[in-house]
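Have a look at the structure below before the remarks.
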Amino acid sequence: MTTARDIAVLGATGSIGTSALDVIARHPDRLRATVLAAGRNVDALLDLCRRHRPRHAVIADRSLYPALRDGLRASGLDTHAHTGEALDDLVAGDACDTVVAAIVGAAGLPSTLAAARAGKRLLLANKESLVLAGELLMREAEAGGATIVPVDSEHNAIFQCLPDAAAHAGLQRLILTASGGPFRGRDRASLQAVTVEQAVAHPRWSMGPKISVDSATLMNKGLEVIEAHHLFRVPGERIDVLVHPQSLVHSLVEFVDGSTLAQLGLPDMRTALAVGFGWPERIRSGVSGLDLLAQGGRLDFEPPDLQAFPCLRLAFEALAGGGTGPALLNAANETAVSAFLQRRTGFLNIPALIEDTMTALPAMPADTLDTLADADARARRHVEALLARAA
Ligand code: NAD
Ligand code: MG
């Protein structure tokens with residue numbers, strides 16, 4: 001029987017948050033959503049509160065706090081309303097023992113760190129926090145006694161293939177699979193005029209807008225290489241990327257004895273989330289088993305095209321350079337993707353803006369949160385200045 005869990009879902013109204021709540025609702029006897037947090041979508045948050053009756057609800061945007069408080073009261077709920085300032089304390093306190101970190105972007109770092117320090121079971125979807133401050137986060141998780149279960153599908157696959165330290169000793173190589181995104185097979189010139197709508201239309205996964213654009217540029221895979229480096233303590237030279245358009249093999253682990261293990265399943269994040277809630281037990285997720293014949297009966301693999309998708313190369317370079325490099329990469333990417341989503345810049349400018357930032361702001365040693373936050377802020381300002389100059 002799985003341990004009963006009191007769960008904080010951070011980013012509750014998003015794609016991962018909604019999937020997490022779907023799994024939670026399947027296990028009313030042992031999984032309970034006690035804290036729900038969102039950025040700005042107060043109506044969606046109120047809907048979720050009516051359905052899941054959490055003890056606490058958090059809206060990051062303070063101007064929306066009255067709407068949350070009054071909406072909860074009007075619905076007859078005794079859920080406490082909070083602004084974002086309360087989030088880290090709620091995450092660290094006794095309102096929850098398990099935290100789904102699914103806020104998008106570097107904004108998720110403080111709450112992820114709070115969960116790590118407080119020794120929670122941490123279902124980590126917010127990959128940007130690992131890219132920005134991976135060493136710090138892993139150190140704090142270890143010191144705090146937190147259990148991190150990655151819920152990025154690739155890392156969850158590796159976690160499942162590599163559950164204990166003894167196996168880890170014989171680990172040779174990690175192979176992250178990538179769907180290739182909506183523009184797989186296209187050359188660089190043909191990507192000049194792609195639209196936001198085309199970029200967010202992912203062929204296999206349904207996800208939030210930022211990660212959908214990251215998948216289209218292959219930056220998502222670059223962020224995942226850095227994420228895997230921290231989670232599994234493997235250097236970048238021993239992490240490979242393989243494009244696998246069916247998105248059924250979620251990643252592979254190669255051992256020194258010639259064995260390669262892989263985890264397969266339908267592309268649905270509820271599997272990874274159920275692994276996170278139940279581990280080491282297996283619980284139902286609502287995802288059906290994999291019928292390989294029904295899925296077309298084939299698994300294809302091809303190398304990534306670094307000419308057409310330079311973001312993956314930039315991420316490997318940032319990881320190799322170390323220090324503040326990944327923080328600069330991540331912040332430049334967030335700013336460039338946000339500008340693309342607002343139609344302020346073109347698709348090919350995303351890698352161009354990031355590369356310019358990496359050249360203009362060389363990586364420095366990074367041992368504190370302040371150094372990393374400073375690099376993050378400088379990269380954002382640099383990209384904004386480039387965008388202003390182009391406008
Ligand atoms: P999304 O855009 O659908 O949802 C983001 C959520 O974060 C929303 O609930 C939003 O309200 C909330 N949010 C934003 N800023 C906030 C703040 N300051 N405080 C509190 N809440 C805030 O994004 P998503 O696709 O669910 O992705 C979430 C994270 O999970 C990202 O880091 C992404 O890279 C990662 N991830 C997502 C998937 C996926 O399938 N969607 C897969 C792997 C990893
Ligand atoms: Mg992934």
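The backbone N, Cα and C atoms fix where each Cβ goes, glycine too.
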Per TrEMBL, K127, S153, E154, S179, S215, N220, K221, E224 bind 1-deoxy-D-xylulose 5-phosphate; matching candidate in H168, H202, H230:
H202
From G208, G222, G236, G258, grab the residue that TrEMBL records in the same NADPH site as T13, G14, S15, I16, G39, R40, N41, N126, E128.
G208
Candidate with sparsest Cβ neighbourhood (10 Å radius) among T13, N41, the listed binding-site residues:
N41
For a quick check of understanding: given the listed 1-deoxy-D-xylulose 5-phosphate-binding residues K127, S153, E154, S179, H202, S215, N220, K221, E224, what is the maximum Cα-Cα distance in angstrom, as an integer?
19
Checking the binding-site residues E154, H202, N220, E224 against ligand 1, those whose Cβ falls under 6 Å of one of its atoms come out as none
For G39 (NADPH binding site), the same-chain residues 6+ apart in sequence with C-beta under 8 angstroms from its C-beta are G11, T13, I59, A60, D61, I103, A107
